[in-house]
């Protein structure tokens, strides 16, 4: 979807909403044009435009959320990070640009082909050396890492934007891998507004299927004494969990 300024937006999930949960499209466009696009690094702008042409572009991180993650990582002085769910690498590039020169990202995804769409831009941006990309399911690798005491509490920040039906399985493992005071960010925790949609809302099949898993995650995080949480209506909803015990 092209905007009045010529920018291409990702496709909508379904009729209930889109990548912004704001009720006003005009207000969301104002945020993008005033605060996001003018500050968006050129490599991220280039990758966003390329990704917008991909048939699965609704999987990408929104531009305002990419900006949010970039600033958050700088605020917490993150150095060692993990990302589960990479797609073409927009949020990955946002992270890589925020980290110091010796920062590291363990990037996990089941599809290398999608990652390679953004890889030339990541390389051109001079941050590819920060990324350790692993293709395959994340859970077996997380279980392997948990067997190594050196991995416990070793990550400053972990971002999860992958299979929603495994979010709780990820959380059970990631809580031991993130350091005390470190942050885990779960994406899509408002799931396009479908969490409060009427029973007869025109939800796509996959949205309706994953809805219950997102609801289950939100309920679990709300009562988890090991973390402080903050759920924000940025992008499709992101919940930040700061480990405290």
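Even glycines carry a Cβ here, placed using N, Cα and C.
Over in Swiss-Prot, the protein carries these features:
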type	residues	note
BINDING	19, 161, 192	substrate binding site
BINDING	61, 83, 85, 86, 91, 109, 138, 163	S-adenosyl-L-methionine binding site
BINDING	161, 187, 188	divalent metal cation binding site
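Features recorded in Swiss-Prot, as mapped to the structure shown.
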residue: 61; record: S-adenosyl-L-methionine binding site; Cβ within 10 Å: 31
residue: 83; record: S-adenosyl-L-methionine binding site; Cβ within 10 Å: 27
residue: 85; record: S-adenosyl-L-methionine binding site; Cβ within 10 Å: 23
residue: 86; record: S-adenosyl-L-methionine binding site; Cβ within 10 Å: 27
residue: 91; record: S-adenosyl-L-methionine binding site; Cβ within 10 Å: 26
residue: 109; record: S-adenosyl-L-methionine binding site; Cβ within 10 Å: 24
residue: 138; record: S-adenosyl-L-methionine binding site; Cβ within 10 Å: 24
residue: 163; record: S-adenosyl-L-methionine binding site; Cβ within 10 Å: 17
residue: 187; record: divalent metal cation binding site; Cβ within 10 Å: 25
residue: 192; record: substrate binding site; Cβ within 10 Å: 25
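The number of other CB atoms found within 10 A of the CB of residue 188 (divalent metal cation binding site), across every protein chain shown, is 24.
Put simply, of the binding-site residues 85, 109, 188, the one whose Cα is nearest the Cα of residue 161 (substrate binding site) is 85. Cα separation, residue 91 (S-adenosyl-L-methionine binding site) to residue 192 (substrate binding site), rounded: 18 Å. For the pair residue 187 (divalent metal cation binding site) and residue 61 (S-adenosyl-L-methionine binding site), the Cα-Cα distance reads 9 Å. Separating the Cα atoms of residue 86 (S-adenosyl-L-methionine binding site) and residue 188 (divalent metal cation binding site) is a whole-number distance of 14 Å.
Calculated from their C-alpha atoms, the gap between residue 138 (S-adenosyl-L-methionine binding site) and residue 192 (substrate binding site) amounts to 24 Å. In this entry, S-adenosyl-L-methionine is bound by 61, 83, 85, 86, 91, 109, 138, 163, whose most widely separated C-alpha atoms sit 19 angstrom apart. A gap of 22 Å separates the Cα atoms of residue 109 (S-adenosyl-L-methionine binding site) and residue 192 (substrate binding site).
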